[in-house]
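Visitor: Grabbed the feature section from Swiss-Prot, which reads as follows:
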ACT_SITE  His191  active site, tele-phosphohistidine intermediate
BINDING   Arg289, Arg325, Asn450, Asp451, Arg461  phosphoenolpyruvate binding site
BINDING   Glu427, Asp451  Mg(2+) binding site
ACT_SITE  Cys498  active site, proton donor
Amino acid sequence: MTERTLSGIGVTPLSGVGTVVWYRPDADLPEPPAPVDVDAEAELARFEDARAAAEDELEAERERTAERVGEEEAAVFDAHVQFLNDPQITDGVSDAIESGLPAEHAVQETFTEFVEQFENMGGRMGERADDLRDVRDRLVRVLSDGERVDLSSLPEGSVVVAERLTPSDTAQLDPERVAGFVTVTGGRTSHAAIFARSLALPAIVGVGEELQSVEDGTEVVVDGESGDLVVDPSDERKEAAAAAADVDIRHEAVETADGVDIEVAANIGTLADLGPAVDRGADGVGLFRTEFLFLDRESPPDEDEQYEAYVEALESFDGGRVVVRTLDIGGDKPVPYLDLPDEENPFLGERGIRRSLGPDADLFETQVRALLRAAASADGANLSVMLPLVSTVEELRAGRERFESVAADLDAEGVANELPEFGIMVETPAAAFMADQFAPHVDFFSIGTNDLAQYVMAAERGNERVSELGDYRQPAVLRAIDATVSAAEGEDCWVGMCGEMAGDPDLTELLVGLGLDELSMSAVTVPQVKAAVAETDTADARDLAERVLQADTKAEVAEILTLDQ
């Protein structure tokens, strides 16, 4: 066969070689019949039962995904529960049933109308149509007593090819068996793309209808960086792809071309993330999210359970720095043992350090005790701790005083402990504006660009209609980063970054130029960012940063960065 290439959007900087396995889940969905004489009351009851069963499935799936992939990725299933219970949708299904449709057909018809509405909006809103499809297909399957297709045990070396992959589909994929996936539709910010990065899977989306010409069993090369799908590749192409898949991972510290050390660390959402982070060459952990210890359970973890988790992270990196973020939970997450307020906008409400110094003070003290003990667990244990959502000097001082008072308590009890390196997340405009006042009181700042962009631009992260505003390439966001780094200069205070921006190799030179000392990201991009650091000259990087900071618009920023590539 002659080698040919199809092009799409590469979403992971990884390559894979394997055999096509087509996944066509829509084939078994029933076509809606003309309205018939049905027992509307019985069908409505079936629909309600199916909703309850689907919600139970989603909660279980959320828990599995949080454990296997990460808490942030698992949050997509919270959105699915919202769709499942959305009054507009449920009322539409009820109306369709009362007009004479059986429940499964009413679900299919109503959800499909909403899917089309989302697709017509385009952009990121269009990508969210896959979430609606996922909920629709789940309900239809439950109503039809259908079996769920199992993607978790595919033959080794499979390349999954599909019209689209929903979050439920992608969460099943096993990186040990699957060599990658390719879809007809989709974009860089789709949930399938996000899961691919978290699972370290080569992936291409948005190839278009030409992908339908690739048959089951065909050998392919998936280049997740360029977006090229090579069909019937030559032996030379396969060997080159296999070599590319065997990434030259640096397992030692990296420095710029002119000798400046930059730490490249991994973000950790569960203990299962530690192994891949080590394997991909992370120097340490730049963000250890502790929420997974507290979620999906009926009571909080005790001191010893937390201690063991923190020690496991420290031992995984054997002297590499592990930065733990204290509990950051608010009204957006269901925690049965906490009295969380029902807030209109929980992201601007009682969360993070606000709860730790208030209603969750006892929980915070237990966490602090575990952290102080972990810091003294072994010679060379390199633990740092940071507080989330700090906005005032009073919060910072109170948080630090809590660590010092708990350390005194442990000393009095004769329990080995050590005060770790202490810092704060910079994710609110207040923290960026007040960074010069915070710097004398901390050992480090960690800039959370996802939330910083959201709060600086007043553009909710989950609201697709304003997603372009909440981009970290916005000049206001870049200037907030620059202000934070500038405030740390002259103080014994290093500056890291743990948002999505840190893991973009195309932005590494800019971030070095802005003065970042540490970059933390999903483990999958660690090798590429290390390679980008090694190619960066700090003088050139500072020049790039100065030019970017003069830009008035996001488009100007993008143009400067493109010209510099």
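Cβ coordinates come from backbone N, Cα and C, glycine included.
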Visitor: Can you give me the Cα-Cα distance between Asp451 (phosphoenolpyruvate binding site) and Glu427 (Mg(2+) binding site) in Å, rounded to a whole number?
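Guide: Taking the Cα atoms only, Asp451 (phosphoenolpyruvate binding site) lies 5 Å from Glu427 (Mg(2+) binding site).
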Visitor: Can you see whether DSSP assigns Arg289 (phosphoenolpyruvate binding site) to helix, strand or coil?
Guide: strand
Visitor: For Glu427 (Mg(2+) binding site), identify the closest of the recorded positions His191, Arg289, Arg325, Asn450, Cys498, judging by Cα separation.
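Guide: Result for Glu427 (Mg(2+) binding site): the nearest of the recorded positions is Asn450.
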Visitor: What three-state secondary structure does DSSP assign to Arg325 (phosphoenolpyruvate binding site)?
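Guide: For Arg325 (phosphoenolpyruvate binding site) - judged by DSSP and reduced to three states - the answer is strand.
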Visitor: Just name the winner among Glu427, Asp451 (the binding-site residues) by count of other CB atoms within 10 A of its CB.
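Guide: Top count of Cβ atoms within 10 Å goes to Glu427.
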Visitor: Counting every protein chain present, what is the number of Cβ atoms, excluding its own, within 10 Å of the Cβ of Arg325 (phosphoenolpyruvate binding site)?
Guide: 25
Visitor: Just the number: how many Å between the Cα atoms of Cys498 (active site, proton donor) and Asn450 (phosphoenolpyruvate binding site)?
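Guide: Distance (Cα to Cα, whole Å): 9 Å.
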Visitor: Within 10 Å of the Cβ of Asn450 (phosphoenolpyruvate binding site), how many other Cβ atoms are there?
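Guide: Its Cβ has 16 other Cβ atoms within 10 Å.
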